[in-house]
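Peer 1: As annotated in Swiss-Prot:
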SIGNAL    1-18  signal peptide
DOMAIN    19-147  domain 'C-type lysozyme'
DISULFID  24-145  disulfide bond
DISULFID  48-133  disulfide bond
ACT_SITE  53  active site
ACT_SITE  71  active site
DISULFID  83-99  disulfide bond
DISULFID  95-113  disulfide bond
């Protein structure tokens, strides 16, 4: 009985961790979801952004005390402007999506929201892109992935 309880807890912890993509797996997924070259942003730039924001982890979540908002998912999409978490004051929900949807292993909704953000504000909407990706050689993010 004790072994079943421990097994159950282990399985629960695995389920809560979410998916951390391998580099080439994410590159292929983002390409298949139409991000390669979307609004002039290369796949390598999207990969660098995802690495800098979440380390390719779909469950990444970071609270911002100043704005009382939270960043969600692989692209760290903010609850003040882009998604609804039910607790951020004066949230806009520009993507019309629940923030919990941005934490799913299936990143289709996260990509759709990222497309909306980049369409309206450009890739510079993400601080991690400005700090870690802009004006850098990003070829290593897609090298050897066959994309």
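Keep in mind that glycine also has a Cβ here, set from the backbone N, Cα and C atoms.
Values in this document were obtained by computation on a predicted structure and should not be read as measured data.
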Peer 1: So among 48, 133, 145, all listed as disulfide-bonded residues, which is physically nearest to residue 95 (disulfide bond)? Use the C-alpha atoms.
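Peer 2: Checked the disulfide-bonded residues 48, 133, 145; minimum Cα distance to residue 95 (disulfide bond) goes to 48.
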Peer 1: Given the recorded positions 53, 83, 133, 145, tell me which ones have a C-alpha lying within 10 Å of the C-alpha of residue 113 (disulfide bond).
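Peer 2: Close recorded positions: 83.
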Peer 1: Can you grab the distance from residue 71 (active site) over to residue 99 (disulfide bond)? Cα atoms, rounded to a whole Å.
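Peer 2: Approximately 9 Å lies between the Cα of residue 71 (active site) and that of residue 99 (disulfide bond).
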Peer 1: Could you tell me which of these disulfide-bonded residues, 24, 83, 99, 113, 145, has the greatest number of Cβ atoms within 10 Å of its own Cβ?
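Peer 2: Output for this query is 83.
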Peer 1: Using a 10 Å cut-off, grab the number of neighbouring Cβ atoms around the Cβ of residue 133 (disulfide bond), all chains included.
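Peer 2: Summing over all protein chains shown, residue 133 (disulfide bond) has 20 other Cβ atoms within 10 Å.
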Peer 1: Can you tell me which of the recorded positions 24, 53, 83, 99, 145 is spatially closest to residue 133 (disulfide bond)? Compare CA atoms only.
Peer 2: 53
Peer 1: For the C-alpha pair, I'd like the distance in angstrom between residue 145 (disulfide bond) and residue 83 (disulfide bond), rounded off.
Peer 2: 31
